[in-house]
Structure formats: C-alpha cells, structure tokens
DNA sequence: GTGTATTTCAG
DNA sequence: TGAAATACA
C-alpha cells in the first residue's frame, strides 16, 4: 500500500481523527482532500455564515497539515468525481471517510463506494468520527432507532467510548497533486457581524476555556438567555473541528453536575443523528405527521417576514431573532421559543422556520435543526405534540430582568426591568414614545387557531 | 423462543 | 398519548 486519500467532510480536524489515523498507518503517503461540492455550497443552499466558518476551518486544517510536512488539497465539483480523479492522480488504493447521517451523506457514501470499486480502489468508512455513539450502535428491541430520548440516553451513557487519538506528528503528501487555493472569507457577503471564528485551533481553545471555567456553571445557567452560560461549541461539533468522543471524555473527566448536564446535550445531538440516519427523509417530511395544513409563504408572508426580522411585537421573540441575524447563532432557549411562536402561535409550516435557521445558523445542522424544529412543531419525537410555549411566561422565566431583550431590541432599551416583556401594558405616553410594533397576534387567538387547525387536520380522512 | 398485555414515564 | 421495558402467556 502506497497512497491513501482521506476525504474530509464534517470532520475538519487533526486530533482524534480515525480516518486519518488509519490512512497514515496503512500507507506511505496520504492525500488530505476537501471537495467543495456544488450540491452543498452552490446557489440555493449558500449560507454565507457557514461558508465563512468553513473557510476558517479549511485554512486552519491546511496550516496544521503544513506544520506536519503536508498540506490540504482542495478541489471543486461533484464530490464523487473529484475523489475518483484525485485517487487516480495519486495512484491511491484506498480512500478513508467518516460516516455521516444525512441523506446527502448516505448517498455520497453509496456513490463513492460504487465508483471507487469500479476503479479497484477500496473505500473505508469510519465510525465514531462525527458521533460519539454511532447510529445503530444502540437500538431498542423492536426498531432500528430510538424515538424517545430517555431510554436512548440510558443506553448511550452505558456505551463504552473508544479512547481518543492524538494528532499525527507527520503527514507525507505525494508531490504533484494540484490544489485550488484554500477558500477564504474574502468576497463573502451577507455575513453576520458577530459571527464566531472557525477552525480546530480556535475550537480547542474554546473547549479548554469551557472545561476550565464554563462547564461548572452549566447546569444552573444554561437556560438563562442573558447570562448565556452555554458552551458555544455547536459550530465546532457541526464542522468536526472538535471530536464528540473527545468532548465526552474530557467533559466527564471535568466531573460535577455541570459536566453531566453538558454531556446530556451531546447525547441529544447523537439522538437526533440516529433518528435522521434511520429516517433521512425527516429532514423535509414529518417524522409523525399530524396532517397539518400549515400556513406557508403563500398564505402568511407578512407574519413570516415579521418573525424573520424580529418585529412580531413579542420582545423576547424579536430579541432572539435579532441575535440570530447578528451572530449567526441563537441561544437554545431562544430557538425553542421562536420555533414555538412560528409553528404553534402563527401556525406556520416548520420547514419555513427550519430553512431560515439553516440560512443563518453557523451551526446549522440537518439532524439537530430539522428534528428540533419537528419536535417543537409536534411532528417529531415529542410525546406532547400540542405543547405551546407562551413567549411572555418564557421571557419572565428565562430573562427575569429583561436584560436579554434590552441587549437585542434597542427600541426597548429604556424600559426598565421585566416590564420590557409586555410593552403593550405600559402607560399610553410611554408606549407611544417607543418605536416598537404592537403584538402581531393575540396569544389566546393564536392558541385557539392552533387547536382548531390541529383538530380539523387530524380528523381529516386519509387521502 | 415469540407474541401480546401491562406498566411506567416522558425536554 | 405512545414508546419502551417488563411481565406474562
């Protein structure tokens, strides 16, 4: 065995990388390859925030490889065609790849295997790269995946994680394999001004800081919107600049109730991944349909636009939507309450919301994003599909002083204390002085509409 | 063993 | 309400 190709996808790191390790052990030289697949980065799915974060990741990966005597090879085009081309150029006999769960990733694996085998090249697909516990590693007796988190978490917790792998010391890349320039942030427009920086170096720095001084306060603080005691590691998990296996090991080593609560969130990520792996269509179709006849772009465009822009007249909803636009990120509590508002209060199709989140979120992820949206819409794995989060109750609970709202809704910056959550209750003059809209809908009217709609749609005869 | 009833508990 | 584990036939 002389040369292996390592195809990097959502695993843009050198530490704890089983495909890279296997390639280095089996071959004298390795081609670390990233393909900008037009199916992912092309028009229609161009999410500038993620393209910028991706550019950081690729730049850092290239640098890390150069420090080890290698470099990153970047190509553009169809991922299968490019892998075959590079394998032929390098005269490689093996290709290594991390397993992944989306329909796109599953099809990519099948297509790659077929195309490479026709060329006499073996494809090795590696587990425990993009998940801590792989889809199918644990399953209930009567199904290929869990549909309820709690029993899943029991099995997940008992699963023995493999040991983590160090980064390689040396990577030899064959001469003469051409590469495009590593993409950069320059030229990207429409970026969120407060967008986080990407890359493995940055991710490891954040992880170290989080374990040192963040994780201990996680259990108590994770739901507080303003305090934001969350790890902000989600984009690093999405792009694989951090290994979920390493994350679980190191969080457990940190110990304490904060670590436990944090590890539970990593398990939620794996939970959604094993649902999507078994049901890849759930990225676009109801996991369990409620036969909803949602309002859509066609029938509710003004409501949808007000939601997207953060001018629904419900301050906490608007604050969260503006945080999303400004940072390319939103606090998880905000994600739940804005999703409830769009799907339950406005009765708008969850796909409209999921799509907007994917357009902006730097951690926008098929499994987590789509299945959390379905969870909140009541078409997913939630056992109480008709639950509605009241934005005022949520605001008072998770932003008790109103600081989060004042931070993101400057029109309300002068309103002191929790009164900021209900500007419609302010005395007439004070309220008139604010350049802030009246509530888009009455909450109880929204709730009544939702209940009527669910009853109507659920009772409709099957087509 | 296999299929079915029961119980438990859920972001 | 419904999924999963357990009890039971």
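The backbone N, Cα and C atoms fix where each Cβ goes, glycine too.
Reduced to three states, the DSSP call for residue A:262 (FAD binding site) is helix. Feature annotation from TrEMBL assigns FAD binding site to A:218, A:230, A:231, A:232, A:233, A:234, A:262, A:363, A:364, A:365.
Secondary structure by DSSP for the compositional bias 'Low complexity' (A:184-199): 0 helix, 0 strand, 16 coil. The compositional bias 'Low complexity' annotation in TrEMBL covers A:184-199.
The domain 'Photolyase/cryptochrome alpha/beta' annotation in TrEMBL covers A:2-131.
Per TrEMBL, region 'Disordered' is recorded for A:170-199.
What TrEMBL lists as site 'Electron transfer via tryptophanyl radical' is A:294 (among others). According to DSSP, residue A:294 (site 'Electron transfer via tryptophanyl radical') is assigned to coil rather than to any helix or strand.
The site 'Electron transfer via tryptophanyl radical' feature in TrEMBL is assigned to A:350 (among others). The Cβ of residue A:350 (site 'Electron transfer via tryptophanyl radical') has A:294, A:339, A:342, A:343, A:373, A:374, A:376, A:377, A:379 as same-chain neighbours under 8 Å, each 6 or more residues away in sequence.
Annotation note: residue A:373 (site 'Electron transfer via tryptophanyl radical') sits in a helical segment as assigned by DSSP. What TrEMBL records for A:373 (among others) is site 'Electron transfer via tryptophanyl radical'.
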*So for residue A:294 (site 'Electron transfer via tryptophanyl radical'), how many other CB atoms are inside 10 Å of its CB?*
20
*List the helix, strand and coil residue totals of the domain 'Photolyase/cryptochrome alpha/beta' (A:2-131) as derived from DSSP.*
61 helix, 30 strand, 39 coil
*Max CA-CA distance, Å, over listed FAD-binding residues A:218, A:230, A:231, A:232, A:233, A:234, A:262, A:363, A:364, A:365*: 23
*Check the recorded positions A:218, A:262, A:373 for other C-beta atoms within 10 angstroms of each C-beta and report the one with the most.*
A:262
*If you average pLDDT over the domain 'Photolyase/cryptochrome alpha/beta' (A:2-131), what do you get?*
96
